[in-house]
Amino acid sequence: MMPIAIHGRIFNESAKPFVQSMFDELAERSVNLLISESYQNFLSESGINYSNASFYDPTDGFVEADFMLSLGGDGTLLEAVTHVGKNETPIVGINTGRLGFLATIPPDKIRENIQELLTGNYEIEKRKLVSIESETDIFGRTNFGLNELGIMKTDSSSMIVVKAYLNGDYLNAYWADGLIISTPTGSTGYCMSVGGPLVMPTSDIFVIAPMSPHNLNVRPLVVSSDAVLTFEVESRSKNYLISLDSRSKVVDSTVKITMKQALFKAHLVKMPETNFLSTLRSKLNWGLDVRN
């Protein structure tokens, strides 16, 4: 049996007893742990006790483990995806942060859900990833993202022009602040904030959504997840910002980007009491009278 990997971020003091109970449960079951070095430093400062642990640096390679426990919010889980990469280690999203469409287990349910996990009472949802290629090695081996690819201007004034090609055919020249190309999972993230549709997470599509387009007739476009998209950028500043989830780099405007579905997927653990529709209702306050 391989260890259980753990990655997380700073949590509020109110979550501390629940996090400690998780480590207590794992210790009682003699589970070997593999904790990210950054999270280990925070746990030590917080006075959290754990045992049977070794530590890993995510820059050394993709983690090999039976599960990855992500403690934080959705941003933490996006980081965890880059830690496991093509190994497709199942990721458990534990929410010790704020809004969570991916990290759905609340602090007071941590121990209960760990027990369910270790007895096999869970399902796996396989989520599509975007991957990018370019003449320059922008993100190294982590050239993939669970939520979205972003192509954006680097300054606060001039728009950029993003010429997009779909399977080699010219699609459009987007005059805008940028462009979001979202996975179904990412439809509740940046894509939603720029007017994109909400998408069921296992759908076979990507969404191309412009950010503040100059032409208001340019609307979000849904394309097949088998599509190959190519982008060329024109910018007065001679550069632009490219992002994969929460990671970003400034690149020269001569750099062309090709995006397609990654050859591997993110395996997210779904616990029995959770589903996407109930998460939407809860996080977006659907069905509530908010007039008062």
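Cβ atoms are placed via backbone N, Cα and C, with glycine included.
Listed features, source TrEMBL:
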- Asp74, Gly75, Asn147, Glu148, Asp177, Thr188, Gly189, Tyr190, Cys191, Met192, Ser193: NAD(+) binding site (BINDING)
- Asp74: active site, proton acceptor (ACT_SITE)
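Features recorded in TrEMBL, as mapped to the structure shown.
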| residue | record | contacts (Cβ under 8 Å, 6+ apart) |
| --- | --- | --- |
| Asn147 | NAD(+) binding site | Leu78, Ser182, Thr183, Thr185, Gly186, Gly189, Tyr190, Cys191, Asp245 |
| Asp177 | NAD(+) binding site | Met152, Lys153, Met159, Ile160, Met211, Ser212 |
| Ser193 | NAD(+) binding site | none |
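Spanning the residues Asp74, Gly75, Asn147, Glu148, Asp177, Thr188, Gly189, Tyr190, Cys191, Met192, Ser193 that the record associates with binding NAD(+), the maximal Cα-Cα distance equals 25 Å.
For the recorded site, Gly189 (NAD(+) binding site), the DSSP three-state label reads coil. Within 10 Å of the C-beta atom of Cys191 (NAD(+) binding site) sit 28 other C-beta atoms, taking all shown protein chains into account. Neighbour count (other Cβ atoms within 10 Å of the Cβ, all protein chains): 25 for Asp74 (NAD(+) binding site). Residue environment of Gly189 (NAD(+) binding site) contains 22 other Cβ atoms, counted within 10 Å of its Cβ in all protein chains.
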